[in-house]
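According to Swiss-Prot:
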type	residues	note
BINDING	ASP23, ASP25, ASP27, LYS29, GLU34	Ca(2+) 1 binding site
BINDING	ASP59, ASP61, SER63, ASP65, GLU70	Ca(2+) 2 binding site
BINDING	ASP94, ASP96, ASN98, SER100, GLU105	Ca(2+) 3 binding site
BINDING	ASP131, ASN133, ASP135, LYS137, GLU142	Ca(2+) 4 binding site
DOMAIN	10-45	domain 'EF-hand 1'
DOMAIN	46-79	domain 'EF-hand 2'
DOMAIN	81-116	domain 'EF-hand 3'
DOMAIN	118-150	domain 'EF-hand 4'
Amino acid sequence: MAVQLLFTEEEKALFKSSFKSEDTDGDGKITSEELRAAFKSIEIDLTQEKIDEMMGMVDKDGSKDMDFSEFLMRKAEQWRGREVQLTKAFVDLDKDHNGSLSPQELRTAMSACTDPPMTEKEIDAIIEKADCNGDGKICLEEFMKLIHSS
């Protein structure tokens, strides 16, 4: 299945574990009742109407439940949404619009979003870790890897 190519083996194993924990009767499918129970376990109480709406969005075969491939599709859609948000964040941080984050742009962002503010040494360590190609700047791909690794 093509969607599986989006994820590493480690991610797929994590998703499989998550799927199995939601599939409480072990039949290889998550029912609306199991999905509702999963949300309740993290103290989110959704109406049956909302659960049915969510199931309808992922239940591509009309079976009224979610198999692992549909579960992976849901994860891929969540992943895609996160990638869009991260790309927008990168563009916002790239103040000179040159397609990369300079150490100063990253320092400004990191200092503004941490409390207490990060030290120069801490920020330099992050830049060093993220700058895979050694050009002294953080491109979008390096930024994505940095965020996903944290």
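Cβ coordinates come from backbone N, Cα and C, glycine included.
Taking Cβ-Cβ distances under 8 Å and a sequence separation of 6 or more, the neighbours of SER100 (Ca(2+) 3 binding site) in its chain are ASP94, ASP135, LYS137, ILE138, CYS139, LEU140. Sparsest Cβ environment among the binding-site residues ASP59, ASP61, ASP94, GLU105 (other Cβ atoms counted within 10 Å): ASP61. Note: the domain 'EF-hand 1' (10-45) comprises 23 helix, 2 strand, 11 coil (DSSP; helix = H, G, I, strand = E, B).
Surrounding the centroid of the Cβ atoms of ASP59, ASP61, SER63, ASP65, GLU70, where the record places Ca(2+) 2, the chain contributes additional residues within 8 Å, namely LYS29, MET55, VAL58, LYS60, GLY62, LYS64, MET66, ASP67. Residues ASP94, ASP96, ASN98, SER100, GLU105 make up the record's Ca(2+) 3 site, and a Cβ search at 8 Å around their centroid adds LEU93, LYS95, HIS97, GLY99, LEU101, SER102, LYS137 from the same chain. Around the Cβ of GLU70 (Ca(2+) 2 binding site), the same chain contributes VAL58, ASP59, LYS60, ASP61, each under 8 angstroms and 6 or more positions distant in sequence. Counting residues 6+ beyond its ends, the domain 'EF-hand 1' (10-45) has Cβ neighbours under 8 Å at 4, 51-52, 54-55, 63-68, 71-72, 75 in the same chain.
All protein chains included, ASP65 (Ca(2+) 2 binding site) registers 19 other Cβ atoms within 10 Å of its own Cβ. Cα of LYS29 (Ca(2+) 1 binding site) to Cα of ASP65 (Ca(2+) 2 binding site): a span of 6 Å. For ASP23 (Ca(2+) 1 binding site) paired with GLU142 (Ca(2+) 4 binding site), the C-alpha to C-alpha distance reads 36 Å. Distance between Cα atoms for ASP27 (Ca(2+) 1 binding site) and GLU105 (Ca(2+) 3 binding site): 51 Å, as a whole number.
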